[in-house]
Amino acid sequence: MRKQIIVGNWKMFKTNSQAIEFIKSVDSKVKADENIIAGIAVPSIMLSDVQKVAKNIVISAQNCYFEQEGAFTGEISVPMLQDLGIKYAVIGHSERRDIFGETDEMINNKAKALLAASITPILCCGESLKTYEDGTTIDWVKSQITKGFEGISADDAKKVVIAYEPIWAIGTGKVATPEIAQNVCKEIRDIIKNIYNQNVADEILIQYGGSVKPENIKDILDQTDIDGALVGGASLIEDSYLGLVNYKG
Ligand code: 13P
């Protein structure tokens with residue numbers, strides 16, 4: 001039985017004070033149990049303060065750089081996350097790839113740096129509308145996954161969370177149907193099986209992301225190969241966030 005992992009991705013929203021207020025207000029209402037991980041990926045400037053007030057909610061970074069330290073103005077390192085006790089970091093979000101030019105090689109280096117520090121990478125993949133319409137989603141995702149996992153051992157690969165986020169469904173209100181999402185997530189599990197083995201494929205957690213809301217999360221998470229969700233807009237409002245992480249009631 002795989003766990004479920006539901007993570008809000010706040011992107012570049014909220015101030016530090018708003019974030020603290022939010023976490024203080026919802027944290028005790030999150031029905032955390034050992035089978036569901038409830039998280040929020042906050043802007044890096046808030047990580048330290050928010051980490052101190054979150055008890056049930058797991059705090060995640062939205063990005064990091066792969067070098068340990070150095071002249072990399074504006075970046076945050078894995079040791080900086082480690083020092084704050086952060087246990088998760090989103091890497092390779094489509095906004096990082098498309099707006100900030102991140103490559104599969106950089107994302108692979110980030111995954112390795114995080115795993116070496118026992119921080120779980122939430123490695124994002126997903127296709128553009130054009131790729132989707134061309135019918136080449138699986139080839140695209142296979143290339144992202146293969147490059148993203150290059151040089152990572154089977155033992156480490158099991159610890160990675162994969163987030164499948166079709167770009168055409170992000171912030172558009174267009175959710176991939178549960179069937180489309182399930183199909184791609186199953187293919188991703190097969191890709192992992194082919195790179196590693198059945199055991200890694202059975203254990204690895206795969207999230208779906210793209211216009212997930214309290215109203216549709218159950219149908220999505222009921223799918224066999226979908227183990228969680230990465231949620232943007234609907235994670236920014238307290239009631240809505242609680243509706244997502246407590247979707248089982
Ligand atoms: P939305 O839930 O706003 O579509 O965003 C999805 C996303 O990009 C999460 O990382």
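Cβ atoms are placed via backbone N, Cα and C, with glycine included.
Where the annotation comes from TrEMBL, it is an automatic prediction and has not been curated.
Sequence annotations record features per position, and here TrEMBL assigns active site, electrophile to HIS93. Around the Cβ of HIS93 (active site, electrophile), 28 further Cβ atoms fall within 10 Å across all displayed protein chains.
A coil conformation is recorded for GLU165 (active site, proton acceptor) in the three-state DSSP classification, outside any helix or strand. Taken from TrEMBL, the feature active site, proton acceptor applies to GLU165.
Here TrEMBL flags ASN9, TRP10, LYS11, GLY171, SER211, GLY232, GLY233 as substrate binding site. The C-beta environment of LYS11 (substrate binding site), restricted to residues of the same chain at least 6 apart in sequence and closer than 8 Å, consists of PRO43, GLN62, GLU95, GLY232. DSSP classifies LYS11 (substrate binding site) as coil under the three-state reduction.
Recorded residues GLY233 (substrate binding site) and HIS93 (active site, electrophile) have their alpha carbons 15 Å apart, per Cα-Cα distance. You'll find the Cα of GLY171 (substrate binding site) roughly 11 Å from the Cα of GLU165 (active site, proton acceptor). Over all protein chains present, the Cβ of TRP10 (substrate binding site) has 23 other Cβ atoms lying within 10 Å.
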